[in-house]
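Below is one structure, written out as structure tokens, with a few remarks after it.
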Amino acid sequence: MENIAQIDQKIQALMWQMRKETLVKMQQPFSIDEKSGRKDLVTTIDKSNEQTIISKIRELDPTAQILGEEGFGDQVNQINGRVWLIDPLDGTMNFVMQQNNFAIMISLYEDGIGVVGYIMDVMNQKLYHGGTNGVFINDQQIEAPANLHLKDALIGISGPLLIDNNHNLQQIARQSRGPRMYGSAGIEFAKVLTGELVGYVSYLRPWDFAAGKILAQALNLQVKTIDGGPLSMLSSNVVLVATERASKEIVTLAN
Ligand code: IPD
Ligand code: CA
Ligand code: CA
Ligand code: CA
């Protein structure tokens with residue numbers, strides 16, 4: 001395998017290529033299927049994006065495991081060694097209904113530790129990327145957001161969790177300046193990175209949070225389960241990403 005700086009340049013280029021291809025494919029007819037039901041869609045673009053990304057990563061890093069949402073990667077049962085996580089289209093419902101507010105995400109973990117993460121906000125032409133060497137939006141490095149309290153800021157909460165008032169989330173929303181809901185984990189993580197949101201809570205699978213977790217932790221944000229525990233990288237979690245202050249406040253209110 002090439003060194004991580006070379007790989008990083010190539011994955012950044014791949015993300016821009018995927019953005020371009022996605023914009024082209026959106027203009028052509030594509031089919032939409034239901035997965036578990038009418039609120040869980042998959043398109044032929046989710047699948048073809050995943051296939052393109054996987055074949056490129058196989059070329060760059062042939063011995064790594066690849067975990068992709070649409071199942072074109074490996075059956076990953078353990079997080080040891082190098083593991084790439086891929087969400088080829090995050091916010092598929094938004095993609096279908098709005099043609100906006102969706103992302104493409106890739107990340108690399110080594111022995112369970114995040115190395116680099118990438119979130120492409122396709123319609124806003126913004127690539128959030130980096131790791132312990134810094135976090136960037138396109139070529140611009142960004143600073144850690146202010147360590148705000150919950151009461152002083154907006155909070156992202158997924159629709160289903162807020163509607164059902166799981167984990168006392170309606171009270172948590174009340175204590176903030178207001179809840180927001182964007183329908184793409186990638187876009188919501190990005191808004192926490194820039195400080196537009198003080199935090200984000202959602203029930204997520206590993207490819208939904210893997211890239212965001214690396215970028216958030218590199219900016220001193222806390223990424224935990226809603227109980228304040230560590231996330232499992234191989235199963236679903238109720239994920240909380242937030243400033244250090246808001247994270248403590250939310251965990252206390254939720255439990
Ligand atoms: C979904 C989105 C959504 C979140 C769901 C995810 P997908 O990802 O990120 O915001 O609430 O839990 O599954 O399926 O569109 O990639
Ligand atoms: Ca999906
Ligand atoms: Ca997703
Ligand atoms: Ca997806």
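Indices start at 1 and increase along the chain as displayed.
Every residue gets a Cβ built from N, Cα and C, even glycine.
TrEMBL annotations: computationally assigned, not manually curated.
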Quiz item: Which residue of ASP208, ASP227 does TrEMBL report at the same Mg(2+) 1 site as GLU69, ASP87, LEU89?
Solution: ASP208
Practice problem: Count the other Cβ atoms sitting within 10 Å of the Cβ of ASP208 (Mg(2+) 1 binding site), across every protein chain shown. | Solution: 25
Quiz prompt | Lowest local Cβ density among GLU69, ASP87, ASP90, which the record lists as binding-site residues, within 10 Å | solution = GLU69
Practice problem: Excluding GLU69, ASP87, LEU89, ASP208, please set out which residues of the same chain place their CB within 8 Å of the center of the CB atoms of the Mg(2+) 1 site, keeping sequence order. | Solution: ASP46, ILE86, PRO88, ASP90, THR92, MET105, ALA185, GLY186, ARG205, TRP207
Exercise. Note down the number of other Cβ atoms within 10 Å of the Cβ of LEU89 (Mg(2+) 1 binding site), including every protein chain shown.
Key: 28
